[in-house]
Amino acid sequence: METVYKTYCTSYDNALLLVESYRKDPRLQEEIMDTLNAMVPHTSASDLSFFLVMPVQRVTKYPLLLGKILENTPAGTSAHRALAAAVSTMAQANANINEYKRQREVATKYNKAEHLTLRDRLARLNTHSIAKKTTRLSRLFMHEAGFVSKTEDKEYDNLEEKFQSVASSVAALKENVASYMAHLEAFLVPAPHKQELQMEEGPAQQYQHLAEHLHRAVFPEFKQRLDRLVWQPLCSLSEMLVGPQQLVKKRLDKLLDYEEIQERKSELGSVTYDEEAAMNTYLAINALLVAELPRFNQLVVQLLGQVLGSLCILHQDLAAEVLHEAEKELKQLPHGHMPLPAFWRLVEDTLQQAGAQLRTFTQAFETVTPSPVTQPLTAAEERKVLSLVSKHGPDKLYQVTSNVSGSKDLDLTLQRGQIVALLQRVDTKGNTSRWLVDAGGPRGFVPAGKLQPYSPVQGQQTGMQTPTQESVPDRRRHSYTSLEAPRPQVATFTPAFQMVAGFSFTARSPQEVSLQAGQPVVVLEPHDKKGSKEWSLVEVNGQRGYVPSSYLVTVPVQEPMGWSVPV
């Protein structure tokens, strides 16, 4: 009786609101009155509320009726003892029903999710609310700092931990299903069966029929079932969690108030009426959560399991349907009735034949296709090359063998024949097939297979003269091969390059040699005796010694070494 009356009395106010909504519909109200007059004409009831209030009044009369019977029952009899127990039990049941109703009213007040704008929130601020929030925040900081002890409730803590885990699982599943449905929607947008394959018969025709049926019937039906059996239940389950989440959050706020009031009560011995009401509010919320969270958690886990089960069954049905449709189309193919082992042997033989044909074609293509040749430079390219050489040295120059179209971040778009300077033979992820280059301004990555070391075009009548071995004091000296660019009807000159000191350096030991900025040097060894490239052995004005390698730069000679005119 107590359980039934708890539910009824708690829902009584909502029932009255529902009856009030019925009165706004004249046709519905007329039908209700016709039914009441036909079923219970002796009551002269004017509305449904006349009957709804009866159970609420009846449960409070039970203790009075039993007490009246008890007064007229002789003491000492077995009936007297049973009636006394009944009176006590019904009185306690009424008290429990009232307390449960009060708890539900508190929960209803706080478990509604409020979507307030910033203006609404600011309008709610007043001296009392600011003081209350400041006290709660101060109490929370003292908890975290360990200045005051927290009120421990292991039973509630375990229930809340499980509830938060369940809520997190529901949210994650909802997010994943939403992403899955978005991908499914994108998958259904293209229609491959509508594309002309230019094949009138054979396997392509069967594929076209299968794709058309899947896109028009199988996949749309799967999407509808997924929405009805998985997505909508998940949304409802997510909405069910909002109220308990708000109540759990409000319980923490009320707990901080409760601890503050308890501390004040222990010091002063008494509290105000409002403070007593705040303490009772916390106790009501806590009691309600402890009583109902176990059942709520169990129901949510059960519903979540049903949703996951539906998702699995939907995919099983989809796979079975696609397989069934595919088998119908496969039967129409030439090899549809072939045993599976024989079919796989046929596939392997076909792949081997295709591989052999591809290798033969590749060999023939490599035989007849000329290898890429170095492209001649334009005047603008030659000026850019001079700049690249001065920055990086002639041994770093590479030429692009085919057009490069950048498709990734930091990729360069280059034209066939452009000259670049190599900076690194690896990209940021360690991939050696993408090199970092300087294109005379922009820097980025290009495919390593489309670069080859630059060597100038041979056989031109005019061009840049290459320094001979006799003119180089040592084989380690940085030299630059000739650059040649055809310029019809224009006289060309031949720039040379040399190593100079980019900065002044003062020798600090007999093994070092001093340099002046701009002074020409001859590099004998680009490293020291230990192999370190930070120091270079050079010769300056007949003196040999070590200088920092970073102080040396390669620059073109300002004065041309010679002129030539095309014939």
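In case you wondered, yes, glycine gets a Cβ from its N, Cα and C as well.
A quick note: this is a predicted structure, and the numbers were derived from the prediction, not measured.
If you look up TrEMBL, you'll see 1-100 marked as domain 'DH'. Taken from TrEMBL, the feature coiled coil covers 83-110. According to TrEMBL, the feature domain 'BAR' maps to 141-339. Look at TrEMBL and you will find 393-456, 494-557 tagged as domain 'SH3'. The feature region 'Disordered' is assigned by TrEMBL to 454-474. For 458-469, the entry in TrEMBL reads compositional bias 'Low complexity'.
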The domain 'SH3' (494-557): DSSP-derived helix, strand, coil residue counts: 3 helix, 30 strand, 31 coil
Folded-back contacts onto the coiled coil (83-110), same chain, C-beta under 8 angstroms, at least six residues removed: 1-2, 5-6, 9-10, 59-60, 62-63, 66-67, 69-70, 73, 243, 246-247, 250, 281, 284-285, 287-288
Residue distribution over DSSP helix, strand and coil in the domain 'DH' (1-100): 84 helix, 0 strand, 16 coil
Model confidence over the domain 'SH3' (393-456) (mean pLDDT, whole number): 85
Residues of the domain 'SH3' (393-456) by DSSP state, where helix covers H, G and I: 6 helix, 26 strand, 32 coil
